[in-house]
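Asker: Summarising the annotation, Swiss-Prot assigns topological domain 'Lumenal' to 1-11, 137-160. The transmembrane segment annotation in Swiss-Prot covers 12-31, 116-136, 161-177, and the record cites sequence analysis as its basis. Annotation source Swiss-Prot lists topological domain 'Cytoplasmic' at 32-115, 178-199, citing sequence analysis. Residues or ranges marked as coiled coil by Swiss-Prot: 76-116.
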Amino acid sequence: MLLPDLHPYTILLSIFLVLVAKQLVATIGKSTIQEFVWLVYLKVSSNQSIKTYNSKQHELHETNRQKRAISAQDEYAKWTKLNRQADKLSAELQKLNQEIQQQKSSIDKASNALILVLTTLPIWIARVFYRKTHLFYIRQGIFPKYVEWVLALPFLPNGAVGLTIWMFAVNSVVSNFSFLVSFPFAKRVSKPVRDTKVE
């Protein structure tokens, strides 16, 4: 076997944590997580183009403030010089913005790949390598035979519970819990109004 022979409770707990993480990602949203990762990258990065962009943006703001403070008719030469400087800064900012957007795109791809590796890959690995592992047993006679048979699907003897049923149960519980927690914060839906017929 390629993977180590894990204790059933280790598999139970690992799959539970992965499914909770997957539900958290679904509830929060990948785009929100990617935006958070990008903001963290902006804070900790020593990337020169980001620093240059911020300084040029501040410089453009100052130039525009000075330009608004003077009259174009009274001080035409100074206003024209400031206007040219603002146009030059805007062009530089646009170029830097394109570079930063490319960096953001690569950071988004990397964070998306990390989310995929952390939430989907472990589930597929477990499904392939631990599908025949008995996670726990149910006392005989608690459920009818057909329920025991369903719980043992797809590869286990009656009375055993495997990974497929465990994942189904955990997904159901976690998604229902997530709904109960997020429901009070959901956008309120207005009460429908009946169309009245005009005679």
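Cβ coordinates come from backbone N, Cα and C, glycine included.
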Asker: Do any residues of this chain, six or more beyond the ends of the transmembrane segment (12-31), have a C-beta under 8 angstroms from a C-beta of it, and if so which?
Answerer: 6, 112, 115, 118-120, 122-123, 126, 135-136, 163, 166-167, 170-171, 174-175, 178, 182
Asker: Looking only at residues six or more beyond either end of the coiled coil (76-116), which have a C-beta under 8 A from one in the stretch?
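Answerer: Hits for the coiled coil (76-116): 25, 30, 33-34, 37-38, 41, 47, 49-50, 52-53, 56-57, 59-60, 63-64, 66-67, 70.
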Asker: Taking only the residues in the topological domain 'Cytoplasmic' (32-115), give me the average pLDDT of this model.
Answerer: 87
Asker: In the topological domain 'Cytoplasmic' (178-199), how many residues does DSSP put in helix, strand and coil?
Answerer: 8 helix, 0 strand, 14 coil
Asker: If we skip the immediate neighbours and take only residues 6+ beyond the ends of the topological domain 'Lumenal' (137-160), which ones have a Cβ under 8 Å from one of its Cβ atoms?
Answerer: 131
Asker: What is the three-state DSSP composition of the topological domain 'Lumenal' (137-160), stated as helix, strand and coil residue counts?
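Answerer: Output for the topological domain 'Lumenal' (137-160) reads 7 helix, 2 strand, 15 coil.
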Asker: With Cβ-Cβ distances below 8 Å as the criterion, list the same-chain residues six or more beyond the ends of the topological domain 'Cytoplasmic' (178-199) that contact it, or say none.
Answerer: 23, 26-27
Asker: Work out, from DSSP, the number of helix, strand and coil residues along the topological domain 'Cytoplasmic' (32-115).
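Answerer: Final tally across the stretch: 75 helix, 0 strand, 9 coil.
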